Amino acid sequence: MATPVEPPNGIRTPGKHYYSMWQSLFEIDTKYVPIKPIGRGAYGIVCSSVNRETNEKVAIKKINNAFENRIDALRTLRELKLLRHLRHENVIALKDVMMPIHRRSFKDVYLVYELMDTDLHQIIKSSQTLSNDHCQYFLFQLLRGLKYLHSANILHRDLKPGNLLINANCDLKICDFGLARTSSGKDQFMTEYVVTRWYRAPELLLCCDNYGTSIDVWSVGCIFAELLGRKPVFPGTECLNQLKLIINILGSQREEDIEFIDNPKARKYIKSLPYSPGTPFSRLYPHAHPLAIDLLQRMLVFDPSKRISVIEALQHPYMSPLYDPNTDPPAQVPINLDIDEDLGEETIREMMWSEILEYHPEAATAAMEVVL
């Protein structure tokens, strides 16, 4: 449990209380009690809590020094802008963003999400038995959430087991939208924070300029294979090794299947790899349902133009017991996520402040009155 502490300057801010957790100060709204640490990483610290006003269990993520690294700050801003518009049962809900005390100098950001029990990475590496029904239900929910994102013109671009949150009912929600982009975006994909290599589509590994929703489908295929085999299907050590592992399993590609590679050096590299007949997925996953194997091999297709789409995957016979298109509406409007990658710290802070105000209409009204 977190330890209640006095504020660092001895002055309490109305509506806030203070906790120490893993040598970090949490300055949070008094409606959230108690708080208990549940995880930490490069992104910050996450704790569980209860909203006293709604009695709802939540996860509070504190992002320390949110503007110290510009790329991290842009990721946070992108997630805020996106999640404000998304409403789907297979996409994590951002419930609140705590109001900072000082508009022009706040450093930390507190995001409040619905609370989930674990993630798919933890489940895959556990000793828990995963039946065909489990695999089918997880895949169905992932595809459903992804169909909604793609209907909003959003590419997730970082799908992996650790970004799929699960609760005790086996409900699945997609999270971590810091790398998401609009599918029409012209920005540079290969930032210094690239998508986890093991789930990266061939067209990204080969630095192709034109990529689309099929990159997310490839990631889903990798995740599905990992569910079936309880280990990553393409655990590459670096980019070229990743491509070798893919060719070893899918087999050497025909000339027509590498026409999408617009980089001559990349195409030459693929053609230089030793011939591989490939390994059938039915041999890799002998206990998997035949329809699961059929769907998997339609998702893990080297040429993105021949890869199955999310809607086609949901209509596949393996998904038919679960999928009802009439209960699966698309997003209301496409979302524009284009953000200037060259924004400075102060501009990002101001844009983030504007996003936070969306969760606090009373503060937004007060700010307008001050301006007037």
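Cβ atoms are placed via backbone N, Cα and C, with glycine included.
Positions annotated as active site, proton acceptor by Swiss-Prot, on the basis of sequence analysis: ASP158. Annotation note: ASP158 (active site, proton acceptor) sits in a coil segment as assigned by DSSP.
Residues annotated as ATP binding site in Swiss-Prot: ILE38, GLY39, ARG40, GLY41, ALA42, TYR43, GLY44, ILE45, VAL46, LYS61. In sequence order, PRO37, ILE38, GLY39, ARG40, ALA59, ILE60, LYS61, LYS62 are the residues of the chain that are 6 or more apart from VAL46 (ATP binding site) and have a CB within less than 8 Å of its CB.
The annotation domain 'Protein kinase' is assigned in Swiss-Prot to 32-319.
Under the heading phosphothreonine, Swiss-Prot lists THR191, citing similarity to another entry as support.
Residues annotated as phosphotyrosine in Swiss-Prot: TYR193.
For the domain 'Protein kinase' (32-319), the mean pLDDT of the prediction comes to 92.
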